[in-house]
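Colleague: According to Swiss-Prot, the record shows the following:
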| type | residues | note |
| --- | --- | --- |
| TRANSMEM | 33-53 | transmembrane segment |
| TRANSMEM | 77-98 | transmembrane segment |
| BINDING | HIS83, HIS182 | heme b b562 binding site |
| BINDING | HIS97, HIS196 | heme b b566 binding site |
| TRANSMEM | 113-133 | transmembrane segment |
| TRANSMEM | 178-198 | transmembrane segment |
| BINDING | HIS201 | ubiquinone binding site |
| TRANSMEM | 226-246 | transmembrane segment |
| TRANSMEM | 288-308 | transmembrane segment |
| TRANSMEM | 320-340 | transmembrane segment |
| TRANSMEM | 347-367 | transmembrane segment |
Amino acid sequence: MTNIRKSHPLMKIVNNAFIDLPAPSNISSWWNFGSLLGICLILQILTGLFLAMHYTSDTMTAFSSVTHICRDVNYGWIIRYMHANGASMFFICLFMHVGRGLYYGSYTFLETWNIGVILLFTVMATAFMGYVLPWGQMSFWGATVITNLLSAIPYIGTNLVEWIWGGFSVDKATLTRFFAFHFILPFIIAALAMVHLLFLHETGSNNPTGITSDMDKIPFHPYYTIKDILGILLLILILMALVLFTPDLLGDPDNYTPANPLNTPPHIKPEWYFLFAYAILRSIPNKLGGVLALVLSILILIFMPLLHTSKQRSMMFRPLSQCLFWILVADLLTLTWIGGQPVEHPYIIIGQLASIMYFLLILVMMPVASMVENNLLKW
């Protein structure tokens, strides 16, 4: 008799994805982030569901309902902070996951990579709308500033912004629809993640060498299940340390002030995980140019397979490309820092230089370095 996990229609899918899946024997801890992202998503959906049970998406009561969750609901404070800091952990894992893909050339799996980029955009949209829901000062002004960027689109811009707002300013209609979208999007993300996995399992995983591993596979369970469990425990450890010791470390104090359309905060800035893109946006004096640079800073990932000029897939044996990759990481950290600083000297010029450097590294320097390395192979 065949094992039920191999014969049952549903169990068979789980078996082929998480148990008997042939996996390369040499994938490092950088391959842990996929499962960690899955755990983050489940955690966000669960904590979000419990928050939604007590939250009211009305401008008059939204801020009070969040206060009520923290003060009066049993363990409401821990649910709220797990959700807020869970988003930060989600983005840390996302950035690591994308960085791994860039370093080891995983973007050559075109369908998997493109769905991954769509997932990144969807998660960013979800996080942005979630930040608006507590209806604090930074929620309100963040929503106003970011949605207003769409007005830079020629001809239809203004109409588009008013259509998204549901009126002539960010108000009750905006908050209600943002709550609706924020609730539905994680389920769309879950569906996309399944398609992401489906395409990945068509080709099998990449590995650090970038060389085919068809002749050297091991079963996913128990080798990588136990490895994933270690990653999950570390993730929960870091998340709970944040939640229980410094829950407001990554938040903005302005968001503890109820939204007031008549009073603009001195420094409007998004959550830390959007600061790099925000810095690129601010570094261009022209509104439309800034918006285009903002979108391109993430959309550029779609073009990575086209920009791959090396004869080798991975950067494992390419010291020049490695060097440029880590300069890119440093550049992104610089942009993140600049995004949180006021618009004044010397931050403006640093932001502009870092933005130019970002696009130069990806579009020019890395492809050129790859071609140089190709020629060095002949020596």
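All positions are counted from 1 along the displayed chain.
Each residue, glycine too, has its Cβ placed from N, Cα and C.
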Colleague: Would you kindly give the Cα-Cα distance separating HIS196 (heme b b566 binding site) and HIS182 (heme b b562 binding site), rounded to the nearest Å?
Modeller: 21
Colleague: Which bits of the chain, at least 6 residues beyond where the transmembrane segment (320-340) starts or stops, bring a Cβ under 8 A of a Cβ in it?
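Modeller: Residues 99, 102-103, 269-270, 272, 274-280, 282-283, 310, 347, 350-351, 354-355, 357-358, 361-362, 365-366, 369-370, 372-373.
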Colleague: Under 8 Å Cβ-Cβ from HIS196 (heme b b566 binding site), six or more apart in the same chain: what's there?
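Modeller: When sequence neighbours closer than 6 are ignored, HIS196 (heme b b566 binding site) has THR112, ILE115, GLY116, LEU119 within Cβ distance under 8 Å.
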Colleague: At a C-beta cut-off of under 8 Å, are there same-chain residues at least 6 beyond the transmembrane segment (77-98) that contact it? List them, or none.
Modeller: 30, 33-34, 36-37, 40-41, 43-44, 47-48, 50-51, 66, 69-71, 116, 120, 123, 127, 130, 235, 238-239, 242-244, 247, 250-251, 271-273, 301
Colleague: Any residues 6+ beyond the ends of the transmembrane segment (347-367) with a Cβ under 8 Å from its own?
Modeller: 279-280, 282-284, 293, 296-297, 300, 304, 307-309, 321, 324-325, 327-328, 331-332, 334-335, 338-339, 341
Colleague: I want to check the contact list for HIS97 (heme b b566 binding site): same chain, sequence separation of six or more, C-beta distance under 8 angstroms. What comes out?
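Modeller: Those within reach of HIS97 (heme b b566 binding site), by Cβ under 8 Å and sequence separation of 6 or more, are PHE33, GLY34, LEU37.
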Colleague: Would you kindly list the residues that approach the transmembrane segment (226-246) from elsewhere in its chain, counting only those six or more residues past its ends and only Cβ-Cβ distances under 8 Å?
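Modeller: Contacts of the transmembrane segment (226-246) (Cβ under 8 Å, skipping residues fewer than 6 from its ends): 29, 32-33, 35-36, 39-40, 78, 81-82, 85-86, 88-89, 93.
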Colleague: Over all shown protein chains, what is the count of other CB atoms within 10 A of the CB belonging to HIS201 (ubiquinone binding site)?
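Modeller: Within a 10 Å radius of the Cβ of HIS201 (ubiquinone binding site) lie 14 other Cβ atoms.
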Colleague: Please report the number of other Cβ atoms within 10 Å of the Cβ of HIS83 (heme b b562 binding site).
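Modeller: Taking all protein chains shown, HIS83 (heme b b562 binding site) has 21 Cβ neighbours within 10 Å.
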Colleague: Determine the Cβ neighbour count for HIS182 (heme b b562 binding site): the number of other Cβ atoms within 10 Å of its Cβ.
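Modeller: Around the Cβ of HIS182 (heme b b562 binding site), 21 other Cβ atoms lie within 10 Å.
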Colleague: What is the interatomic distance between the Cα atoms of HIS201 (ubiquinone binding site) and HIS83 (heme b b562 binding site), given in whole Å?
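Modeller: If we compare the Cα positions of HIS201 (ubiquinone binding site) and HIS83 (heme b b562 binding site), the gap is 30 Å.
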